[in-house]
Structure formats: structure tokens, C-alpha cells
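Asks: Once you've had a glance at the structure underneath, I'll fire off some questions.
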Amino acid sequence: MMKVVLSNVVNGCRVGSITELGRHGNRVLEFPGCLLYTRCGAAPHLTYDVLQKVDGLPTGAQLTLPTLAEQHHVVQDFQQGIGKFTGMEDFFQYCSVQDPAVREATGYNFNKGVSVWGSGGRIKLEVADFMAIQKAFCPDWYQCLCDGDTTSPDTSNKRLRKSVDRTLNFLDECLEIHQKSQELKGSEILGVIEGGDLLEERLRSARETCKRPVAGFVLDGFQSFAMERETRKNLLKAVLEVLPEDKPRIIHAASRPDEVLEAVECGVDLFDSSFPFQVTERGCALVFPFSKRAASDVSDETMIHSLDDSSQETTENQQTRGLNEDTLPQRTMFEIDLNDREKYAWDFRPVLPGCSCYCCQNHSRAYIHHLLQTGELLARVLLMMHNFHHYFGFFTAIRESLQQGTFQELKATVTQSQGTNCK
């Protein structure tokens with residue numbers, strides 16, 4: 001049976017570990033931390049061997065159901081679970097209903113189930129279909145089927161109440177099947193907190209979910225485009241006060257560094273790592289500092305370029321079912337755009353001076369720019385290695401700062417790269 005071990009609580013920030021995880025009870029997740037983001041059961045752009053060259057790898061991997069649902073019959077015939085099937089059995093496996101890197105299409109859920117979008121289009125999942133997939137995958141954790149279609153700005157209060165009712169009904173049905181299933185004996189089910197930006201419904205969802213025998217909680221619908229920053233922060237604080245301290249709290253699609261730090265302050269434990277993937281897909285590299293040494297390594301010129309890049313941002317209010325330059329979320333001030341010929345075609349410095357990743361130790365910005373312009377697959381491989389390395393190092397720095405009492409200094413160091421536009 002897994003255990004949440006709190007080693008410290010600092011002004012609402014939780015630091016510790018989740019022990020005795022997995023079917024053999026030999027996995028440990030440190031928090032605040034993140035899960036390895038995957039598509040089709042593998043790290044994007046990276047083979048398993050190349051992934052091992054990334055420092056600070058999390059022990060847990062997040063499976064994204066939209067990228068895997070169409071293959072579940074093959075995994076079912078395989079009969080050894082998704083971890084063995086994908087060659088990722090060394091990782092603790094967590095299966096989420098939606099892909100946090102892609103904007104969920106709205107208006108397609110229904111009373112008996114929800115929709116996910118695979119490569120072949122819409123997949124309608126009722127509880128029986130969803131649980132059949134989980135039985136085939138046999139993940140260590142999985143998110144309960146949920147109605148998270150509440151991110152549209154014109155969502156009514158009636159629709160928010162319906163999302164909570166549906167999600168609780170789905171949870172009860174999933175639990176009934178879960179408790180009778182031999183295949184899922186080693187798996188744990190996580191309840192989902194819905195309710196949009198309506199405090200009353202968020203609290204109702206949290207209190208009712210706490211009454212069910214769930215192993216942890218997923219905080220859904222807190223994306224930056226879904227609500228104002230202060231609203232998100234106040235809702236998180238209110239909901240987390242209701243949840244028990246001895247169960248983990250996971251948040252989806254709130255993985256920008258500034259969003260992570262705010263959620264950590266509220267008491268969130270685990271995050272997805274879809275942000276480095278989104279940055280990589282844009283042909284960009286993470287350069288935000290998270291230590292005094294790192295801040296000194298990032299030159300003023302780099303930060304000016306990062307700020308200049310942000311002025312070219314495109315609107316984030318676009319539906320995204322796929323991933324391309326037109327539908328990716330907007331560029332942020334935490335990254336530099338290596339597609340820019342004027343800035344980087346003749347820049348032979350590492351992507352991030354002082355970075356110890358394979359990409360920065362062996363290649364230059366000019367080389368990455370060349371690979372991007374010529375459409376070489378290696379461009380995304382190297383950028384993915386750097387962006388994962390940098391992001392995982394960020395979480396190590398968060399845990400260390402909480403242990404050492406320097407979290408506010410870390411927060412100031414990270415947010416200084418945002419300038420005055422992202423207060």
C-alpha cells in the first residue's frame with residue numbers, strides 16, 4: 001500500500017515522497033515533482049536509450065489515453081500490460097484521460113461517457129469501454145473517467161454542475177468495476193475534481209470525491225486559458241484545504257514554470273511535463289534560470305532575445321486537436337526561438353550556457369537552427385533532450401529550495417525572466 005511521507009510543509013508547500021508504489025511496491029516518487037510526459041507510451045522524439053541520457057528523469061511516466069486508446073486491443077492481446085508493451089516497465093505508469101499538451105475539443109461529451117481524439121478522430125468512451133482499456137493497460141495509477149469539458153469562457157453554471165454530477169457518477173461506476181477486476185488488483189484509481197471556476201461546485205466535487213475509496217486526486221480544468229490567474233489560485237487553495245493530507249494531488253495542463261510555482265505554494269504535489277514538449281514542437285529551447293548560478297550563466301543578450309521572441313506570440317485561444325505551428329499554445333518568455341535566422345544562424349554558443357545536457361555540451365544554437373531550417377528530425381531530438389533536462393532540473397531545485405527555506409528566492413529568480421508582462 002502506497003504511503004505519502006511529508007518531510008516538510010512550508011507555508012502551504014508540501015515536500016516529501018510517495019513510497020511503496022507500483023505492483024511490487026518498489027517505486028518512489030518525490031514531490032513536488034513531475035511525471036515523464038509520453039505520447040503513444042514513449043517520450044516524444046526520443047528512443048528509450050536516448051532518454052536514458054537525460055539527467056533527473058522522473059520515476060513515473062504519464063500515459064496519454066488519446067494517443068493510445070486505438071491500440072488497446074493490441075495491448076490486450078499482448079496480456080502483459082502497457083509498461084511491458086512499450087518497453088517502459090522501469091517507470092511507474094499513470095494513465096490520464098486527456099492529453100495535457102493538446103487543447104481538448106469542447107461539446108463532445110455526453111451523459112454516459114466522454115470523447116477523446118486519437119489519430120483517426122473522435123473516440124467515444126463509456127465507462128465499460130474506458131475500464132476495458134484500463135484492464136488491458138494495467139497501469140499503476142489511472143485517472144477516473146471524467147467530464148472536464150468546462151474550459152470554455154461561456155460555460156454556464158448549470159453545465160458546471162452537470163460536469164461534477166457526471167464525474168461522480170463515472171467514479172462510482174468505475175470503482176464498482178475496479179473492485180471486481182482481477183486485472184486491476186495492482187492498480188489504483190484517482191478521483192477527479194471538476195467544477196470549472198465555480199467555487200461551490202469545486203468544493204462539492206472535492207468533498208464528495210473524498211468520500212470514495214480513491215488513492216489520490218486529479219485537479220482538472222486549471223489551464224491558464226480556462227480562468228484568470230487569481231481565480232485559479234484561490235480555487236486551488238480552497239479545494240486543497242478540503243483534501244486529506246495523506247493522498248497525492250496531481251494537476252494537469254498547468255506546467256509553465258510560473259504556474260508550477262503558484263500551484264506548489266497552494267499544496268499541489270505532482271505535475272505533467274507537457275510544457276517541454278510544447279516548447280520543443282515550436283522549435284524553441286527553455287532558458288529560464290532557477291538558481292543564482294544559472295541566472296549568471298544566462299547572458300543579458302539571451303534574456304533580451306527571449307523577451308523579444310514573446311512579442312511574436314500568437315493567440316492561445318485556438319482549438320487544438322493536433323500539433324502544428326498554427327495550433328500550439330503561444331510562445332512564452334521562458335524560451336528562445338531557434339528558428340530565428342537573424343539571431344541564431346551564426347550563434348555558436350551552447351543553447352544555454354552552463355547547461356550540462358548532451359545537446360548543450362555537444363552542439364550550438366547555430367547547429368540547432370540549421371537542423372530546424374532543413375527539417376532534420378535530429379533538431380527535435382536534441383531540443384527534447386535539452387528541454388526535458390532543464391525542466392526536470394527545475395523540479396529538483398524546487399524540492400531543494402523547500403528543504404533549505406529558499407523557495408521565495410527561487411521564485412524570484414524564475415519569474416524575473418518574465419519581465420513586467422507576466423506578474
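Just so it is clear, glycine is given a Cβ too, placed from its N, Cα and C backbone atoms.
What TrEMBL says about a protein is an automatic prediction, not a curated fact.
Pasting the feature list from TrEMBL:
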- Cys355, Cys357, Cys360, His386: Zn(2+) binding site (BINDING)
- 14-417: domain 'tRNA-guanine(15) transglycosylase-like' (DOMAIN)
Asks: Looking only at the domain 'tRNA-guanine(15) transglycosylase-like' (14-417), what is the model's average confidence as pLDDT?
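Replies: The predicted confidence over the domain 'tRNA-guanine(15) transglycosylase-like' (14-417), as a mean pLDDT, is 90.
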Asks: So around the Zn(2+) site, Cys355, Cys357, Cys360, His386 aside, which residues have their CB within 8 A of the centroid of those CB atoms?
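Replies: Sorted by sequence, the hits are Pro350, Val351, Leu352, Ser356, Tyr358, Cys359, Gln361, Met385, His389, His390.
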Asks: With every protein chain in view, what's the tally of Cβ atoms within 10 Å of the Cβ of Cys357 (Zn(2+) binding site), excluding that atom itself?
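Replies: The answer is 22 other Cβ atoms.
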